[in-house]
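Participant: Before I ask anything, here is the structure I am working with.
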């Protein structure tokens, strides 16, 4: 070995430095930003949640954006001036029912900004609320910063829509978004718009509010399954789920035809994730991180296997509260002046001299403690429901939807039923030669040859309600008769909710009827699949008889609905 090789020089150089006291960095010199004294990249410490807040806000803002986008595209057709269930009629009926109450009592029963607005143009009101929500959520999504006022505005706008949304907003994820959004208000400083508000660290109380939320969501879903359908206990539910879920996607077709042992494994995994993993939250940091990872992966699998609106995307949000800055640091770029570098410096400052309490910090701490007390108080009926053998799912106990019960697929339908709307130009609906043509919806099964859609996190509200209507009668869903009337009049707003109008460019149909069908996935490699059919359907019978526009006009007047006609 040569005498001047690095391995021979190093000990001597080290010895000379010890003798002379020389070093590359003087003792009083601070370490380079974002690096430790040895010059290697610095690692974030555990126990702080500055970056966690940014990720939480962005994730929540994304779900808000999708929800307000759905509202902007569909509210006019569903609850607008000429909607299937006009919210103006709903508000007037509600006002009349509580006519002996004060305005504040009426507002507290059903809080919505629409009480304060002019009802002469409800479409404009609904668009305004949706556009404001889109604007604010876009800002938070892009910047990753918000204050309490912006988050409270998002929550107030959405609660205003949910409370007048009739059955269109009756899904469990609407209350879940409102509860998640309410917690999001307390994530932020009151005024400051900064991604790293130095004097407003993320409250542990709020973080535990998010963790308590995901605990209830998952445990509630697991318990309702065990207490509900027997197939969850004998591990056979997944034999039917993919085929009978509200709006299947292409992956559901192939998953449905998986081997029986795979479906048993899926069901056992579901029970593990929903009944056991939630308790990891209380077993320390590492177990909490594992909980967050497993829950997010579980929701990702559900997104791949079905169109469940923004439910699974939303369920990921509270799971993010399981991760601290050290866990989420990989999501952010490194380097001097970066967010990671600034958080590292703030962590060092916290480990040094603790700053004197500020008045704002004291007020904020009091607000967070009050939030904790409120959540604990409102959780009492929720916990009692979880412990009850008569557990209910997707129920709210207050008009603000702050703390709610959750659950999903407590029972699994074994067969898929669909309502197919058809129209004919024939003057005689009973004539044997009458040609009936199908209307196609955006996403729900109709034409057996049409590939299942992939739409999550977007949500077609009418398609979902058609799935529920197929298990009931039209008397329980009078809006479907309203829809039939609008199709008879070629109403442009109603037709915008559909994918195909067989009478486009022609006079409207003279009759519209509802037909009841049973649908099953075609068998891969079978005759129907070879013909390009994803579904095989068989007629069950009539859902509602042929209806004409003249027959329906008195029906609409009795309910205060606008008479259908071309716009």
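Numbering starts at 1 and runs along the chain as it is shown here.
The backbone N, Cα and C atoms fix where each Cβ goes, and this holds for glycine too.
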Participant: If TrEMBL is the reference, give me the range from 322-343, 344-365, 366-387, 388-409 marked as transmembrane segment.
Facilitator: 366-387
Participant: Give the range, chosen from 239-257, 258-276, 277-295, 296-314, that TrEMBL lists as transmembrane segment.
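Facilitator: The listed stretch tagged transmembrane segment in TrEMBL is 296-314.
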Participant: If you check TrEMBL, which stretch out of 100-127, 128-155, 156-183 is marked transmembrane segment?
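Facilitator: Feature transmembrane segment in TrEMBL: residues 128-155.
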Participant: Pick from 185-204, 205-224, 425-444, 445-464: which range has transmembrane segment per TrEMBL?
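Facilitator: Going through 185-204, 205-224, 425-444, 445-464 one by one, TrEMBL flags 205-224 as transmembrane segment.
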Participant: Determine how many residues of the domain 'Lipase maturation factor 1/2 C-terminal' (402-545) DSSP places in helix, in strand and in coil.
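Facilitator: Counting residues per DSSP class in the domain 'Lipase maturation factor 1/2 C-terminal' (402-545), I get 30 helix, 40 strand, 74 coil.
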